[in-house]
Every structure is written in C-alpha cells, then in structure tokens.
C-alpha cells in the first residue's frame, strides 16, 4: 500500500541487536494525520500474554523466536500499560520504575545500551471478521498501529515479521495485509526497555517500559483516504476564511466531496493537489472562544470527519506573537502525561479532567513536554480551548555531563532519526487548531540535526518553530528561555542586548516573540516570585508568557513492606542512580489535587485583575480576544471586629482586551479596618467572571497597658525563640539554570553577569548553574540548633520579664547572639494573658527563615481552627496572591500539609484573631495587638503556623509515613513577625530581594485567653 520510510522490509530477526542502531527502525509506514473516519478499526486493548526477561540477551537465549508455538507465556498484563507497574506492591517480578532527570540510567556510549536491558514479550489474538464485519475483499489493506511503545519494539503477525521501530511517544503503523488471514490472527511484540532511541528520550520522567498507548487494527477500504492535510485560515481584517485541503488517496477515492454544513460549503476535490476553498466570514477559533466547524470529506469509499478551527498564527514585524490579529499571552503549564498508578497509560477522560482543572485555574496553554501526547489530548485542546506548543519526542540532556561531546544533535549518523521524529510529530497533529507553535524538542544542546529539523518544519508549515536550546536564535522563530531571573527577563523583553550572544544574535532576538518555555518550579512548598514575571508579561508585548514547570507531581502509588501506602519518588525502588524527589515538582499532587502552587498561580495569572489602593481600584482585562462587559464593583467596609460599616456598588462599563481601568472608590479603610471589593463581569463566551480583593487600613493602636506579671495560660508552654524552618525544596535548592549560559561575550564585552541577572555572587560554586543553598547556610550558621541561656533579671524591667540569650554550639557568642525577651501579664479579663515579646537579632550574611517564637499547645487534632486574617490558603511574602483577608475556618489537620517529601508549609499572615480547639474541648483565643519589624509596623502583620511536627522531625522524614505518631502530644504554634520568602531555587531563581528576611529587631504584643467549650461546628478530619 505505502512505501516504507526506513530501509528494507526483509525479515530482520537475524539481527537481534537492531535496536542498538540509530537507523534500526524498519517497516514503519510514512507518518500521517490521526483521522476520524468510518473505516473499520479494532482496538487490541485488554489483557495480553506476557513473559519477562531481565536482559535482551536472556530473551534471545531463552526464546530466540518469540513466535514459536511451543514457548511458555506464564503471565498476563494489561495493554496499554507498563510492565514495571505490575506487581509493584507484591514480588515486583517484572522489575521496578527508575527515575532520573538528566543523567542516563546507563553508561553513555551512543548508540549502545547495557546488557542489563529488561525485555518483555507480549502476545494477543484477534479475529479478522471482528474488524471487517464481512468479506475481506472489502479492504485494500490491513494496518497494525502502535501509538506508544517504550522504547524499541519488533512485531510479528502469525509468526511473520511485520516491522520494528523506535520513538516511544510516536505513532508507528505497519502494513500487515499479506500477513493476516481469515479467522484468528496472533500478534507478538518484543519490547526492549533501552535502545539507541533512549539516548533521544532523556526526558525528566520515570523510565517506564511497555506498550502504554492503544494498539489498533485498521481496515483501509477501497476508495478510501490515506491522509488529509487541512489548514483553516482566517483573515483578521475581514473575517473571511479559507480552507486549505490536500488529500492523499488512491485514484479510486476521487472525487472527494468536501462539506462544512454550518458554512454552506459543499464542493468537490478531484485529485491530490492542494486546493484552497473560500468559505466566507467565519468565527475565529481562539483559546477563549474555541469555535469549531464540522468538516466532512466524502471519498468514494470512506467518510473522514474533522473539526476545524479558523485562525491565523503570525509574528508581527515588531516581534509579537499574534493569533487572529491579536497578541497572545500564554498562561501555561508544562504537561507530562502521568497517572500515579498507570504511568503514561492515560485515557481521554483523564485528560479532559486535567484540562478542566487547568482552565478552572486560568491556565490557557500547554507545552506537551517533552513529546507529542496521546492523540486525544489535541482533540480535547481544540474542543475545550487551549493553546498548544507541540513538542517533538526528543531530549538528550544527559550529554551535558560530557560537555555535550558525542551529542546526537550534531552527529550525521542520527540525522535520519531526528527527521523521522520531527515528521511523525508534525504529521499526526498537523490539522489541529490548538497547535500554535511547533517545538523541536527539549534540552538537546544544539547542532545541525536540530537545524535540519527546523528547516523540515518550515517546508511543511508556517507556524513558528520553537527550541529553547537555540540560544543564538539561528534556526528558530521564537526566542525561548528557561528559568531566567526577573531582571534578565525584563531586559530581554525590552529588546536590550543579550550578552550570551553576539550583536547579530541580539538583533534577531529583539525581533522575535520571547517565551519562557519553563519558569518557576513548584517543588514542595512553592514557588514564590510568580507575580514578578506576571508584571513583565503584562508590560512587554513581545513577552508572550510562559509555562510553569510543571503541571503535576509524578509520585507513584505503592506501599511499604508492611503495607503502608505512600507516593514513591526517585530512589524508593532501589535505583542505583536517581534524582530523588525532583520528580515531585508539580502544581498538582500526583493524584491530581490542586497544590498550593496551583492556587497561587491561578491568582497571579487570573485575566480579570483587581488591585486596590486608597481611594480607587484598578480593574484589568488580561484576555487577548475577549471584551469584558458590564463591569460592576461591590464594596464593603468592615471594622476591627469584621462587622459591616458601609457597602456600595460602582458601575464600571466595558473593558477591551489587554486594557485596564482606574475606578474611584468612595471609601478607604481606617485604622484596624479593611475594605472588601468584588468585581463582576461578563467574560469569554458569555460566561460570568468574578474577582475579589481586600485592602487593609493601618494597624489599630493597641489599647490598655500591661498588668501585673502572670503565668502562661493553662496548657501553654513557651515561648521558645525560632529563626529556622524545616527547609523547603526551594530553600534546599541549588540550581540556577541562568548561570549555565554565562560565558565570555562573543563581542568581547566584559559582562557583569551578577549585575545583569540580579544573582548573588556569594552563592557561586565551581559548577555552572549550581549554587550554595540557603538551607545549607542556615545549617552552617547553626540556626536549627540554637541553645538558650536565661539572663539575669534587668532591675529596670517590669516584674516577670524574662530575657533569654540564644546561640549555636561552637559559635562565638559575640558575633551571633539572639536575644528573646518576653513577659506574661494579667489583663482586666479573668483568665486572659497578655504576651509581650521582643527580639534582638545579629547581623548575618544570610536571611533568617523567620523571626518568631513557638508555643506548645494541647490541640484537638479533629477540631476546627477559626481565624481572622489572610487565608484560607497558605501565604508567604513572595507567594501571597491566593490568600484573602477575612474570617476563615479550617480543620486543624489541614493547616500544614507536610507534602510527599515533608518540609515546612502552612504559613499564614496578617492574623488579627485566632481561635484554636484544645484537647479538653475548650478553645484558646489569640488576638494581635501590634507587630513591629525593625522599628516599623510588620508589613505582613502576625504570621502563624500550627503543626503537630517539630522542624527536626520534618527534616528527618523522607516520606509522610516516616513522621512520628503525634497522637496525644502537644502541637506547635509558630508566631512570627517576619518570614522569609520561598523563591524557586529547586530549579530557578532565589527569593526576590523584597521578600528576603534581614532584620535586627522585632516586637509582638498579643492577648491569649480561654474560650467556652467548642461550639464551632466540627468537620471530619482530613
């Protein structure tokens, strides 16, 4: 039916090591679009016979002919699936997953792979009549299609070789017309975990071998269509649409009737040459209004259907990415396909749920990192409305360890493999409206093969070509970066010279769209600093946004030897080389629940922007194609007890895309008051939008004077000084990728790289891109093990004043003393106690994690905490957009989730009142009187965390089940006047300078008093 793309169709089983050659694929048909049609198709998904070998040599020795009828098939596994995920909670008879980020899990000697190459044989059967439903003569060909196999596979049908292929996330079809027979047919597939292709698939994910996408038998009918290339262009000026159509088919398929009923189009295409069919005025497809038109192509023997979206993707003369004539801003995520138990074997319902969650949190774009996803992902993006950067199945990141020596990207022996992967990526998804950018791959250095792939794409498509590794903008259409600092990002977006390239490169870059294909890094508690990037994207039209790395964690659901369930990460399966919890770096948890990072990202990128200042509000429309109509602002002024003082409404009219409006407000909050404002509007596709914001007034002046000395409330112990936190992944992070590009300027300029990027020279190491972590500096200063010494009573201080000197063992007390002064006193309310605290802090060369103290309390873990302050979500100085000031209620257990790798979390700010359930059924009420940092009101008021775990317990545990049993013991209430930000340094940038905690003094004044037995409605424990 079709010529083969790679070499001879002769049976190649005489070379069992075919998979160690870059050009080892044979028999696979030319790539084509994934078509929806009425041709007969039969899915072979289900339980397949299976046998596993620890190496390819064992497979060849024990079973040289996998199709031999007298060989045993001892097991059954599901297809699609990954064999290493079967029996994972049992005897693990088929091996285990292996996670690496950069380093290959085998010695680097391309194209060779190690002897220890697990191999799995798969077998299934089908009856041809189940495909045809009638006579076989109705078919001109029978094809066998594999949509995803990792990493190399060979196929036999009825004992005869059909073909072999590499390219794990790519579709491969084989013509088995002459191999099938009436009645039952047997398909045997031998899969090798590692192959030459593995050198091109070092994609920061679990190595998961197997047949993980569908396998289908296709019946190609007489008079049917082989391939269709449709382009749906819309002139932004006139709204006129043109459907471009090229049909690949045998002569007996023509003429083909092309119809778009909604547009009244019905015309005939007589041959395979491309035709352009004017369709009149059409509604544009955008991510905000994903309108699709049903297209029917009626060949003489087959009906092919497609859903077309009309739009024009272009780059303006000043370097702005446009769709339908308007600038486009990606509020994006990088998405690996991953399920915590099924790995990459995901279905359409799973992907639809993920897309719904994305869109519910204002995500409008997906980069398909780092491979083409299952075909349904593009269908759903078209339907639901997401911009897509379609990425090729390519990454050779491990060669960075050798200084990119022997990198396939610049090796002529690999050129065919690069072009084949590019062609298969493009052909399958070429007809999708959602695809607005084509990416060659990821982190594969640079070289002639990548440039050739870019040229191939330009010959076939006019959409922009992307590849981040083209740092000189030599062969791509978009300038792309990973994890630049905000200062660097702002400079590039403004069109200033880029010191890592020469003047010609800078000039090219200044005329290109600029995208962050990866930024931020929501690993653990984080990321921080998102708002800094958002401001840049909003200000500079060439900056077309970015894609947070990444959408979700890749934890694998498994159990400990004694049956305790947990989420596994690198090293949990005994891998000799791995990258640990770096695989847990998503906005969502592995099981798809929104994490704090997603909540923060959603608040930062919300296209409906609302910012408050005394006397006015700024309402912004961040949509690219949608007018917000009927804007109305509702405001409420609340007093110190959260009581309503005044309310009102302001009409604000309509707001065009990418515009903002300043709206006067008739009130401003006074001392101790806060103003709540809600803006409502009609948004995309006639949907309603709403956004809230709050503005707090200056602190209320504390009333009353401290009374006589008293003891702490019953059950309360402390305060204990605390300037440390159990390091978050970003605190412990050592990766600043922007430093990897630092090199002498090609033009001979002496670049001040630290000044250009805003990085700290004190953090540098001898390894490019690797820095000294903030957590290491905390530990080096001994902030986690300060020891106290109570000082003599100062005769001038009020009775009951306690001064405690704190320092780390082995340090010179004269250089780093911490002094905490506190006093408990009575008030005019029986049982209430006033707590006054002050801190004197040394001048250090490292920011403090916090300035605060800890109280121990007998908390009811099943009770509910009520508080007036920022919430309900956690917030930190550089990650506070999701929190809103108000009255909140949360289960005590849900306040500080330690995460899949335990660390500090759960900080909240601007607490005015706090009511905590106690074990005896009463409650402890806390009210903030004043907070002060370096002589001024603390900018975030009282910050607090309530947790059952000590910092050292969080540090010691690698997984939640390793934390101690806290039943019956006290919890720990952190009360902080200052807190350090989060940053994104697990892979990215440090905490913004504005969110770093350098302080020399602090004060806190508050009242604690018992309340009557708990009458707050309890919720089930989480």
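Please read every residue number as a count from 1 along the shown chain.
Glycine residues also receive a Cβ, built from the backbone N, Cα and C atoms like all the rest.
Those TrEMBL annotations? Automatic predictions, nothing curated.
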Could you tell me which of the ranges 654-673, 754-773, 774-793, 794-813 is annotated in TrEMBL as region 'Disordered'?
654-673
891-910, 911-930, 931-950 - the one TrEMBL records as region 'Disordered':
891-910
According to TrEMBL, which of these ranges is region 'Disordered': 622-652, 684-714, 839-869?
684-714
Among 560-580, 581-601, 728-748, 959-979, indicate the range for which TrEMBL gives the feature region 'Disordered'.
728-748
The region 'Disordered' (684-714) - residue tally per DSSP class, helix then strand then coil:
3 helix, 10 strand, 18 coil
How about long-range neighbours of the region 'Disordered' (728-748): same chain, 6 or more residues beyond its ends, C-beta under 8 Å?
471, 482-485, 488, 499-503, 505, 521, 523-528, 581, 584-585, 757, 759, 763-765, 768-776, 778, 849, 901, 903-905, 982-990
Other than its close neighbours in sequence, what residues sit by the region 'Disordered' (891-910), given a CB gap under 8 Å and a spacing of at least six beyond its ends?
524-525, 553, 555, 566-567, 569, 581, 584, 589-590, 596, 696, 725-729, 731, 849, 859-865, 867, 869-871, 874-876, 880, 883, 885, 916-917, 940-947, 949, 951, 953-955, 957-960, 962-963, 971, 974, 976, 979, 1019-1022
When DSSP states are grouped into helix, strand and coil, how many residues of the region 'Disordered' (891-910) land in each?
3 helix, 2 strand, 15 coil
Tally of residues which DSSP labels helix, strand or coil - the region 'Disordered' (728-748):
5 helix, 1 strand, 15 coil
